[in-house]
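S.K.: First the structure, then my questions, so here it is.
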Amino acid sequence: MIVTFVALALSCCTPQVTADCGLRPRLQSAIITGRIVGGEMAKLGEFPWQAAFLYKHVQVCGGTIIDTTWILSAAHCFDPHMYKLQSIKKEDALIRVADLDKTDDTDEGEMTFEVKDIIIHEQYNRQTFDNDIMLIEILGSITYGPTVQPACIPGANDAVADGTKCLISGWGDTQDHVHNRWPDKLQKAQVEVFARAQCLAAYPESTENMICAGLRTGGIDSCQGDSGGPLACPFTENTAQPTFFLQGIVSWGRGCALDGFPGVYTEVRKYSSWIANYTQHLLQDRNADVATFTITGDPCSSNGSIISGSEGDFSSPGFYSGSYTDNLDCKWIIQIPDIGSRIQLSFTEFGVEYHTFCWYDDVKVYSGAVGNIASADAADLLGSHCGMNIPSDLLSDGSSMTVIFHSDYMTHTLGFRAVFHAVSADVSQSGCGGIRELLTDHGEFSSKHYPNYYDADSICECFITAPTGKTIELNFLSFRLAGSDCADNVAIYDGLNSSYPRIIRLCINQGFNVTVPSSSNTMFVSFKTDGQVQDVGFEAYYYFSSNGNSTDDTDYSQCGFSSTPINADQTAARIVNGDIAIAGSWPWQISIRLCDTCNHYCGGSIISPSWIVTAAHCIESSAHITYIRAGDFDRFTIEISETIVPVAQIFIHPDYQKDLPNNADIALLKLANPLSYSSTIRPVCFPSQISTIPEENAECYVTGWGLTEENVMAQKLREAKLPLMPYDQCLNVYTSYVLNENMLCAGNISSGIDTCLGDSGGPFVCRKSRNDPWILYGVSAFGRECGSSRYPGVYTKVTRYIDWIIATANVSTVTSVVEEHDPTEFEQGCIQLLVLSNHEGDLSSPEYPELYGEGMLDCQWKIVLMDRTKSLNINFRFSHSQQDTAAACSLANIRISESYSDGTVGRQYGPYCGSSESILISSLHDLVVSLHNSQSQVKIGLKLEYRLEELEQSGCGQLKHLIENKGNFSSINYPNIYSANSHCEWYLHASIATHYLQISLSQFSLENAYQCRYDFLTVIDVTENGNISHGPYCGNSIPHVITGHGLFHIKFRSDASLNYKGFFASFVELNERPQEESGCGGVKFLNGTNGTFQTAGFPLAYEANLDCTWVIEVEDGYKVRLNFQQFSLESSSSCKYDWAMLYNGEFAFEAQRIDTLCGYDVKLEDIFESTSNVMRIDFHSDFSFNKQGFLAMYTAVSPGSSRSSVHQRENHLQEKRSGGCQDSIFTDEEGVIEYKQGDHTGNTRCLFRILTNHLHVIRLWLRKLSSLNLHENDSIKIYDKIDVDDIYSGVVKPVFQFTGIIGYLDSLPAYLDYNGGEISMLFSSDGQHGDTSFELIYKLMQDKSSTTNPKQLWNDHHGKWPWMVSLFGSSKYYFCSGVIISSRWIATAATCNLRSSEIHIIFPEGTNPKKIWEVEKIVVHPEFKMIYNVPQNDLALIQLVDPIEHIPPVCLPVASNIYSDCHVLKIPRLAGSAAFPDIVRISSVDTLAHDICMREWHLRITDDMLCGRINGTNSCQRDVGGPLVCQSPSDDAWYFVGISSWGPKICNDNTAHHRLPDVYVSVAYFLKWITKIIQ
């Protein structure tokens, strides 16, 4: 394929391109992702045709340069009616070009011209905007340059295609409905051209002279002030370099960036003749030189492309569609005709996945023609580039140059576009592969060959020149020089050459992350090396900055505002696949790092120059957090705006994790150095303590670099708009999590908006309107299932901790916002102080009894209680013009709160709305009554009456109503004998209705009687779903602790005789329900796929007077199946003494009762099943005849394997299973189902179930790898997606069955496939033969065509790998593997994060596989470290306390041996099996040569590593430490060749990542060290 590109085309079907229009010679921009409405700033020279139309020195419109004396714009820009003027004069108009920043008159190429003439189209219609076009002729002539160029004018037939992506630019309104909020800097955006039919659908009034452009979902558009500006579209049919044509002029539209309403543009091609008529020569050929070059071949084929010509351009695949793809290897060989010249290569746009050494994706540039990387001469490498910074220009040594582009298997970005041209051989060269003089406003350069080693005895010099008035800052992104005597060094001078003062000299690794500023506008950099050892060198980034005399007077310390607007509201914006934020739009966002070069770990928010607020859980497990990065946007790029600051101190809230998990999950970081505020580094505001949650109509966002999909962290800062979820709704969602009032929830459970790991500690901010500041309401704490559509994110509520923050961080350094409305918005004079000297009174809202409807209303009355011995009875009627909905209540309501003497707020009541209420308040404090209405269209009214009353008594010497956080109550006369005929009542009130109360009785002695019929105590838990009664209690047994909701009604009665000491009780208010261990007196919550619970004391007799509750919750979509392993309660015909009641759901509703059980009639075969995913079990015992109780087992079952009936009790198992064989459920992707007769006796029936996604096929192996030893009366029956009860009852037939198979495996099929996603296997045996056993292997397949090499499945011969070791934590969780290398030493990987006090070791295939071996000490290789998440020297040795006997060690490798038949070994994790598995998995491995491995992993491989490709799969993290063993043909012995260390980011994917091998530690490399340690 040969494609010839010509800058002038004369085809009737393609645009006529003149040689000097539509080009961007100074282009330095990245891909456009923003918008003008909330848009992204343009770069210098990115829109060289852009002009500004000023009237009386005020910019009112845009325009487009089309010639040296002509500007094209919209006619309505010079229409006096648009400005409500009688007339408008051209003498008051100006044209300005190359104006990037309106506040800076020194923009490169900026020129201002007076207007000579204005020509408005003769048929312009101001009502319809038809023919909205005008020509402006200027006085003088525009001088073209890098930042000033004309746009091309299309011909009459050159219509732009539907769907074409075009660019818009301007200084217009950046936020719709907030007019005159125009930016100072030129904005840009990318839009899509709509089809004519779509345009008419949005605007039926549009004419044929108009086109529409925008986004389908809105959010991107031009706006007021952009009028007259360009819609520039690229023409790329025959050229890789786009030439831009002016296809449209910004004209009109409905709103700005609204969904369904694109912008409307005057279609320029319809006026080409009209333009030519006035400009005459404009469309004629300008007789410019025509540049021609050819491209031969596909760059991504094996041979690559050849580019021939004196100048031209090319780009990476997919560049113009926005992104390259994975797994690319592309090559361009550039050849210029003049063999005496050099090639200068310039990147105009650049965006490649970043790594310090460009290990992932990169662009390599070589001098000369290179066939392939493997054969390339390292000396020819000019540089290897990645990241988002544009590299500086590169120079070849001769007339040819090679560019090689590689991408790995994941994370792709924009790509690049490059231009080249021939230059003279005497062009000044830096010695680093590029030009010597650097003039662009920012750029990147490196030592020659970087990241390969630089040359010996070399000199690299370059000088950087900034415009007058600017200075230069140089930052080293990477720096590593050889030698210890500074013979290799980088010297930096404050001037044009080395004769100027030297700023600094850097050597070894001194330059890493160092920023070097100049004091003038020039800087000279000199890199010199000696003839000894070399290293990788350096990579540097420079930029121009202000010299400190800036006139910017912005107060960046003002909290909650950003200098850059955020993206306009998006529907379903989310961090999980969410919106990329605009750089600088969230200036308080910071990134927490474990080290100055480490990856993002957690988020946080700036609250003052020296303080950061974040989540405590980010800090507790990472004591080495030492740095924060502020002003960051792209994690992979060192940006001008960002700064790294060390952390001096960490403060975790003292209540963190107190009482419940995730409580008080908040922490403060004090910085070692204060931050300097700027446009990208600013503080966020605090809410007032009164406003605990955002207002109903506030817009709220969460930001961060969290996971965009499972395990993929965002490269650029993302934002998501989240709705606040009501607390009670959040409680209903998180039924198995404990929440409290210190938390708030946000997210949309219907659309899956959420944050993920990595966003932890980040801000949840809200604002009331676009003119208001952003306020920090939440700190990202936790959630369930990243991006789940069912669970919102949970945030620490900041208002709960403001006092602590201010006290810790010093009130003078923290900015806070008290949310107050503009006083002019509300009714005045509605504040009143009421001193209650009379016993009763009233108050009312303005104009009562009429509803107040003249605007928003905020009223406040303070009621001062003069008589503290009385209670206040309040009755009020609150009228509301809207229905009583949660939304309406949040807008208009009444609240009552206690006011303490120190000015703080105590217990709060409300909000109340749309109802009549009667409240009895027993308070010793003053009260504040607040009436609030925040919407003018809502009418409200209030009438409140109050009356002082004597405090009501309980009858036992205390008040009847107890409203304290904690307290006591007791029987009358306690501790003396209580009175006869006592009648006492108490109401215990929680201060907040959603809190819980807990009662503990420390003394208890009442008359004992059957059913407590004489003296008794009853506790009633009053809930909105019904009352829950505890008791009655009597006798001398102290009842268990009782926990309930926010209101307890307590009754004590005594009869006329036999009075005792009585009782003493304490109560306390809790923020959340505690987890009861026994379930007695409260609720024990259980979850998971299976589990057990039992009555207290089981198998001994339970206690008297128990009330126990268990609530079981399993995953949504599953049901709870329950059976009792043992059951023994007191028996009665109606179960009226001791009983167990089973309910559907969390509450004990009679209509949801499944059954009531007692006595001995519950059998093992009885099955009880819920209709939903929640089941409740209540257990009660009376005062006598206590039995053994019960042991219950529950299992989560899918609806497809369960019955629909509520009560399963009649579905008995037909035969009792014996021998201790229990049902097992397998959910892993692969596993082994095994049985050994020696573990069981007698008749045995075992059920094994494999449950998986219905999209999977379950493959069951029956041959070769299977072990079947079944006798005549032994059988295995396989059922495909059949109800378990039907299997046991025998009402269905199996789909496959085999029996009596001993040594006849070849008669069976190789494997069986089942499509249902669920199979059950019923094994039956009479137990007569002691050698009955079997092993069956299964694996989940995507479809039936999937194939798997059997070598990667479980090994079928135990004992073959006796030296294989499993490493378990103290909780018996398997985390790593290892291998025995001597009688007391085990080798494994250092990345296992070993701690001797927490490791237990077993040998799965040893003589005693269950024995646990203790650890004496651990020796980690002294040079073990992580370099950019890649482990180096990943080896550790474990010494055992006792020597290993009867197990030979593995053979260590011999250097002279040649190995074949290599395998990696692994200990599997099997569901339903013992905690310590006794089986080893084996997978065959094809080892790779070291150079191939280096190329595959792109230089990440070091000499201590080996590579191998596992047949059919990859290792996962749980394989770490496992051995790579190979057999020697000479002696058939197995040799320990490698240790599983690391590999692809995503495992078990046989397609996308097949090119990348796994990486192992080379044991041979460390033989000397190993020998030294173990000897």
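Glycine too: its Cβ is placed from the backbone N, Cα and C atoms.
Not measured: the values here are computed from a predicted model.
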S.K.: If you check Swiss-Prot, which of C1376, C1451 bonds to C1392 via a disulphide?
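M.R.: Among C1376, C1451, the cysteine that Swiss-Prot links to C1392 by a disulfide bond is C1376.
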S.K.: With reference to Swiss-Prot, specify which of the listed residues C166, C199, C256 is paired with C233 by a disulfide.
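M.R.: Within the candidate set C166, C199, C256, Swiss-Prot assigns the bond with C233 to C166.
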S.K.: Based on what Swiss-Prot records, which one of C21, C61 is disulphide-bonded to C77?
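M.R.: Within the candidate set C21, C61, Swiss-Prot assigns the bond with C77 to C61.
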S.K.: Counting every protein chain present, what is the number of Cβ atoms, excluding its own, within 10 Å of the Cβ of C1493 (disulfide bond)?
M.R.: 20
S.K.: I'd like the per-state residue tally for the domain 'CUB 4' (956-1070) from DSSP, helix first, then strand, then coil.
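M.R.: For the domain 'CUB 4' (956-1070), the helix, strand and coil counts are 3 helix, 60 strand, 52 coil.
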S.K.: What residues, ordered by sequence, lie under 8 A Cβ-to-Cβ from C212 (disulfide bond) and sit at least six positions away in the same chain?
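M.R.: In sequence order, V193, F194, Q198, C199, A202, Y203, S206, P262, G263, V264, Y265 meet the Cβ cut-off.
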S.K.: Fewest other C-beta atoms within 10 angstroms of its own C-beta: which of the recorded positions S227, N1511 fits that?
M.R.: N1511
S.K.: List only the single closest residue to N1090 (N-linked glycosylation site), chosen from the recorded positions S227, C233, C432, C1376 by CA-CA distance.
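M.R.: Going through S227, C233, C432, C1376 one by one, the closest to N1090 (N-linked glycosylation site) is C1376.
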S.K.: Specify the secondary structure state of C166 (disulfide bond) as given by DSSP, simplified to three classes.
M.R.: strand
S.K.: N497 (N-linked glycosylation site): which of the recorded positions S760, N1027, C1158, C1493, N1511 is the nearest Cα neighbour?
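M.R.: Comparing Cα positions, the closest of these recorded positions turns out to be C1493.
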S.K.: Given the recorded positions C233, D665, C700, C1376, C1493, which one's Cα is the least distant from that of N1027 (N-linked glycosylation site)?
M.R.: D665
S.K.: How many whole Å apart are the CA atoms of C507 (disulfide bond) and S760 (active site, charge relay system)?
M.R.: 38
S.K.: Find the shortest Cα-Cα separation between S760 (active site, charge relay system) and the recorded positions C300, C602, D665, N1273, C1392, and name the residue that gives it.
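M.R.: Nearest in space to S760 (active site, charge relay system), counting only the recorded positions, is C602.
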S.K.: Which of the recorded positions S227, C233, C766, N1087, C1392 has its Cα closest in space to the Cα of C330 (disulfide bond)?
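M.R.: If we rank S227, C233, C766, N1087, C1392 by Cα distance to C330 (disulfide bond), first place goes to C233.
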S.K.: Looking at Cβ-Cβ distances, which residues of the chain lie under 8 angstroms from C1392 (disulfide bond) while being 6 or more apart from it?
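M.R.: Residues satisfying the criterion: L1367, F1375, C1376, A1436, V1520, G1521.
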S.K.: Spatially speaking, which of the active-site residues S227, H617, D665 is closest to C486 (disulfide bond)? Use C-alpha to C-alpha, please.
M.R.: H617
S.K.: Closest to C602 (disulfide bond): which of the active-site residues H76, D132, S227, H617, D665, going by Cα position?
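M.R.: Its closest listed neighbour, by Cα, is H617.
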S.K.: Out of H76, D132, S227, H617, D665, which of these active-site residues is nearest C1507 (disulfide bond) by C-alpha distance?
M.R.: H617
